[in-house]
Amino acid sequence: MIRHDYSRVDPKRRANIHHNKKQFAKAEFQQQTYEHRLNYYDVPPTAEITLEEFETWAINRLKVLSELEACSFRNRSQDETAEYMTNILAKHLPLRSNSSRGQNLQEERKKDHYSHFILRLAFSSTEDLRRRFSRLETALFRLRFKSDDLKERKEWVSTLNLEWEEVGDAEKAEISKQLAAAGNMKKEDDQEWFKVDWERVPELVDQRRVFLKRGKAYVPQKEQLSLVVAEFTKRLDEALELTARALPRLDEDDRLAPILAHLSQSFTAPDAAYTSSDASIDGLSTITSGAIDSLATNFPLCMQSLHNKLRADSHLKHYGRLQYTLFLKGIGLSLEECIIFWRRSFKLMTDDKFQKEYKYNIRHAYGDVGGDSNRRGRGYSPYSCQKILTEPLPGPGQSHGCPYRTFTQDNLMTMLQRTGINDRDLLKTIKEDVTKQRYHVACNRVFEHAHRKEIKKVKDDGSWTSNDLDTIVHPNTYFKRSWLLKHLGEGNAGMVNGKGEQMEM
């Protein structure tokens with residue numbers, strides 16, 4: 001529950017609110033306790049949290065789900081996914097077992113509980129969002145179930161009251177006899193079995209890992225994971241449908257609506273806040289306007305496209321200039337050097353026209369002029385992938401946006417080939433990603449292919465962790481990571497001088 005300020009609410013309505021709050025106070029404000037690490041999320045959270053917690057917890061969980069989805073798109077195995085997600089989960093959504101000596105188990109489980117329900121609310125509006133949310137939450141649950149302490153997992157499962165029947169000795173003997181007759185009897189089949197309707201374990205039926213008889217699936221003890229996961233998905237799908245029906249009737253706080261809208265938009269590509277540290281790169285000297293052409297080889301496709309268009313036409317329209325200016329600001333180009341860069345790029349324009357019509361907008365983007373007092377001196381933040389992908393599509397003559405979203409497939413393939421991407425299988429996969437609107441995934445594939453040798457090196461020598469190589473969701477992160485990988489071990493040899501030339505040691 002969010003803490004509300006009712007001082008501005010109409011007195012009559014405020015009286016009704018307080019009357020209802022008094023009626024349900026015991027239920028609503030009860031602080032829940034979490035005996036187990038795992039959760040089916042059957043019971044909604046009831047305690048108070050702040051708006052900041054509401055948003056921050058949801059964003060942390062969204063980051064985890066997005067990384068899980070990226071693992072799926074990259075065809076990582078379950079073991080590879082589990083290894084990759086270990087640090088991601090520890091950073092954004094830790095959830096330790098009771099045997100852990102940590103002091104914040106209840107807080108971790110509270111955050112997990114609330115963040116699930118917040119995203120459930122945000123992603124119930126459309127069938128596509130519900131389906132994706134269910135699939136990724138199921139993947140997260142499976143990951144946690146497999147890593148849970150065996151004793152604690154058994155205790156938690158015993159509390160579920162799942163509708164499965166234990167198979168008696170007589171039926172067990174019959175199953176063993178039929179399996180032996182068919183030549184499929186294995187030593188490990190001499191164990192406990194559960195009996196359920198076969199529709200509840202379609203994954204096991206498809207993989208022929210259960211014994212089928214008269215509409216029932218006989219499931220060995222070792223396959224308990226599939227039963228528990230299938231039940232998790234079933235309950236979540238039903239809950240999402242109920243939430244979707246309730247959404248139109250919800251009297252939401254005006255402050256929550258934009259947060260929920262932002263979260264659902266972020267499912268296109270996770271949002272990423274820009275910090276000044278993104279512009280700080282060890283070994284890269286102060287960037288000048290003359291270095292941009294040389295550095296452009298490390299730019300993501302969206303910024304390479306804008307740079308190439310600017311060099312070809314000596315001009316960009318407003319939204320393209322803004323997107324590119326903020327990116328250049330983000331990589332560390334100063335206001336003075338940015339003004340020089342744009343003036344030299346607009347070769348067909350007089351000084352007077354540039355001063356009157358263009359210089360002010362550059363200064364405004366940097367926060368040198370205009371804007372409110374909070375933005376003065378800081379200006380606007382460089383656009384994240386999520387921001388770029390959710391902006392209106394460019395019109396005639398405009399060049400802003402994400403090429404994976406705005407280009408035709410033929411034009412996209414041509415541009416990728418010009419940047420050195422010629423692998424046919426990769427280009428085919430990128431086409432599939434674009435068709436399914438997985439634009440940021442396609443961009444990450446290109447990055448990984450272009451830097452495959454360097455990524456292998458830092459993985460092999462352990463100099464970079466999985467957090468250093470998580471999914472890129474910001475153009476400035478793309479540039480920083482690309483530059484660092486391309487200049488591994490060079491130290492100052494990787495520095496760029498004012499002419500855009502590599503400096504010798």
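Any Cβ shown, glycine's included, is placed from N, Cα and C.
Unlike curated entries, TrEMBL annotations are predicted automatically.
As recorded in TrEMBL, the features of this protein are as follows:
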- CYS302, CYS385, CYS402, CYS443: [4Fe-4S] cluster binding site (BINDING)
- 297-479: domain 'DNA primase large subunit C-terminal' (DOMAIN)
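Note on the domain 'DNA primase large subunit C-terminal' (297-479): its mean pLDDT in the predicted model is 92. A 10 Å cutoff on Cβ-Cβ distances gives CYS443 ([4Fe-4S] cluster binding site) a total of 25 other Cβ atoms nearby, all chains included.
A simple way to gauge crowding: the CB of CYS402 ([4Fe-4S] cluster binding site) has 24 other CB atoms within 10 angstroms, across all the protein chains here.
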